[in-house]
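Here's the structure we're looking at; comments come further down.
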């Protein structure tokens, strides 16, 4: 690179690295200014060949150039952070449109993903629309493919490629030869390592011991980097290994880092001379890297892992997670098969123990190999050139051969022409099709829209006039002179001069579409979300605000000057998130550390365990405040699982709080005040039925708001596509009736999905209950028919209404608890399992209803209650109950369900790229074709015995679907705490329990067991049937949980809806053509009578389908988990 041009700007809005949070007005203004600056640079330099986007920060800058198009590439360094703001209401959409100066049509096409304004999605959409999806890459060999599988915003792209990061220090020649497998140990270097370690120990004030096992962690203190795992594991490591020493240095980023700093501070006092903790950004001298024996890298996610390369090239061996780019250097690495902290702690401890037990010769050989490992800059530059060249070619091809995509009409007539390949690039089709010249000014509505936000129309609007001039001076269009071009090797004084000149830019030309800006305030943040600089600290883990010098002539633009005194912007009314801003839980944990031991460090004092309990308690108190209480319950953390009693901050004496803590909490609100939970003072609490629906029942399911029970009820009463045959009667003898019911179910599935995509979801979640009520009401009216046919038609109408309403069942499963946002996986598993167990009882009752309606057409049942007018007295209250539930949901659901559905570009096409979705469709079709027709006969077996009394069968039902189900629920929840994948793997691993159940019941094999009395035989046969039914229900929950862990909420909804449509078609086809359409046939032969049935191809084909399906689920689930890094 012979020439490097730098564009610099100096403004207080960029004083801090990043805003304190990402969903409010302040952060929106910050990133709007960021992207406006980038867009302005590209406007001024038409010779630019390509714009390389790094993560989300500047991803919307190309949108400011539209309709002109520029080739882009997108490198994903950390796709977990995407830049999100809620736009779930028209007002929020308008405000984001104003702040970012983007038309709402552009936002919908490029930026919006669901209910969010998503910066990173803008970059992915730009590639999808203008470059056929090419140009996105991950920064390591694994991270690209993992990001593509993990983040739905990329599912509209063909793939995410790879561009592995280099080691910046590796600038030597690269000849592409394979490294020499035979390496020699450098004995002289090994001898010198003791002196280097002594330097590191002196720097950290550790005991001087050249033979010590020195562990070092350098990096951001955050959940992603796993700093909490180090703090949890090392009490035991230090206790069991007297030679072990620990150095941890880096800035605190989140609560995990903050509490790890507190715990490590305690360890530093407990083990003086063996632990050094510095929770701030400080310069780490090279001898710390070189003197370390082991580098701790227990990251939960690591796109590249430069730290392992830096340590490895200097002789420190890595100990950590083999995730993302980690694991390429010699060391001890563990696989992350679960994101649960217990699993991570177990794996991390094993790696540390393996490292400590290794001999010095092995370590020396590994260090020698580390020096041979290369990540050359030359290779990266070559790969980058290939990537960018191909991106330019594809972009040019898509733009269809016009003039340069960057030939800006706003350039002055005497400006210099482009100097590079930009001359050969093409303009966008939108620009070339225009019959009139491209205007030199943006559409007037952009300015009016921005003005309406920045300068509200009120009598004091004139006070904003100075700001208008200051804003316009930031980004002049017509002149490039104020931005100094600094070539590589330029004198420092030139850079200082250019920095000074930025603050006094000339007036803007009329062609500029201004971007908004403001200085960010992090007064309410206790830690910086980036590398900050701190001189002092009051508490371990707390950082002071960074200070930047040399702002001699920079702008003093502030957020206050943008928004004034107004507080009614929707972007200002964002909910608080759990940051422990009052230090309530910090003090509780500080008190609990007094009992820290090597054993309980990974138990009740495990940082993530404590934070989960604290967050749960905080949100419970937040819920109390949102319901309108002025005084909430005090903060309390009690973990019953470890046998500990609840610990409340109120029990701590004031005398035990240090002076530094009092200083840190000066001005803090009372920990029982509701004001601490709201960012604005004009919060309006829900009233009436809305308040009731948000309430929780403390002792039943304290995490469930009342509306969640009603939505779970909607899921319970719905039948799926293979169960709709139950409604037609036990024998399913009327094919036309089944075709009608299945067609109604199919139409209902499409209807509810269109409703959920067009209207607020409250309509699709409340109206089905009205239809359920009508269905029961029509059943009650049936006895008033004058003939059997008229009664049958009235019952058929009820069955049709029930089938139509049941098609909404998948929506209740997908959208329940949506107001909570993200919840732990084990919580989702517990809820899904609990609902499924109750649903089994309802299906049994539903079969009884269908069987009774079918029997009602025969003369021998004319005196049953189905023909009595008393039936209306029973059904009318039930109908009224269902209708009341619908009305309650319509008016009482939380705000989330009242908003219009968000848009997601390429939403439907992205579904087809998920292999697990396609396999799920295959499973639905196969199971419905082979197993739906005998479903009624399968259920009839349960009550068909003339020897076992009905009450005994009912007791068996309660035993299996309540008692045994609760035992299964408890067992699954315990295992899921350690491995989130336990239930999906267990459910798929059960194989085909439904096929086994049907073989037992419909073939006649289960009619009699010659092992005892006739009653005992009947009870044993039904017990086996119920046990297989329990396993089938667990299998269904496992597959459902598999979808929850591989798809987003709305992808789950469309997948289940599509499966209902396919399942209905397969059910109709099964009744028309399957070998077991009207009887067990050859699919389920009675093997107790003869083994001749094993020779039928129908038996083996049906069985093969049922056995192959679990294998596919297991294979695709492993590769497409959203929660697996």
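Keep in mind that glycine also has a Cβ here, set from the backbone N, Cα and C atoms.
Caution: TrEMBL annotation is automatic and unverified by curators.
According to TrEMBL:
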type     : residues  : note
DOMAIN   : 16-126    : domain 'Starch synthase catalytic'
DOMAIN   : 204-321   : domain 'Glycosyl transferase family 1'
REGION   : 400-448   : region 'Disordered'
COMPBIAS : 407-437   : compositional bias 'Low complexity'
DOMAIN   : 702-1122  : domain 'Cell wall alpha-1,3-glucan synthase Mok11-14/Ags1-like transmembrane'
TRANSMEM : 738-756   : transmembrane segment
TRANSMEM : 763-785   : transmembrane segment
TRANSMEM : 797-817   : transmembrane segment
TRANSMEM : 829-850   : transmembrane segment
TRANSMEM : 870-891   : transmembrane segment
TRANSMEM : 912-930   : transmembrane segment
TRANSMEM : 950-972   : transmembrane segment
TRANSMEM : 1024-1044 : transmembrane segment
TRANSMEM : 1099-1117 : transmembrane segment
Ranked by Cβ pairs within a distance under 8 Å of the transmembrane segment (829-850), the first of 763-785, 797-817, 912-930, 950-972, 1099-1117 is 950-972
Test of understanding: applying the rule of at least three C-beta pairs under 8 Å (pairs 6 or more apart in sequence), is the transmembrane segment (763-785) touching the transmembrane segment (797-817)? yes
For the transmembrane segment (950-972), could you work out the same-chain residues 6 or more beyond its ends whose Cβ comes under 8 Å from its Cβ atoms? 829-830, 833-834, 837-838, 840-841, 844, 942-943, 982-983, 986, 1019, 1022-1023, 1026-1027, 1029-1030, 1033-1034
Considering every residue in the domain 'Glycosyl transferase family 1' (204-321), what is the mean pLDDT value? 92
Per DSSP, what is the residue count of the domain 'Glycosyl transferase family 1' (204-321) in each of helix, strand and coil? 44 helix, 27 strand, 47 coil
Treating G and I as helix alongside H, and B as strand alongside E, what does DSSP give for the domain 'Starch synthase catalytic' (16-126) in helix, strand and coil? 52 helix, 18 strand, 41 coil
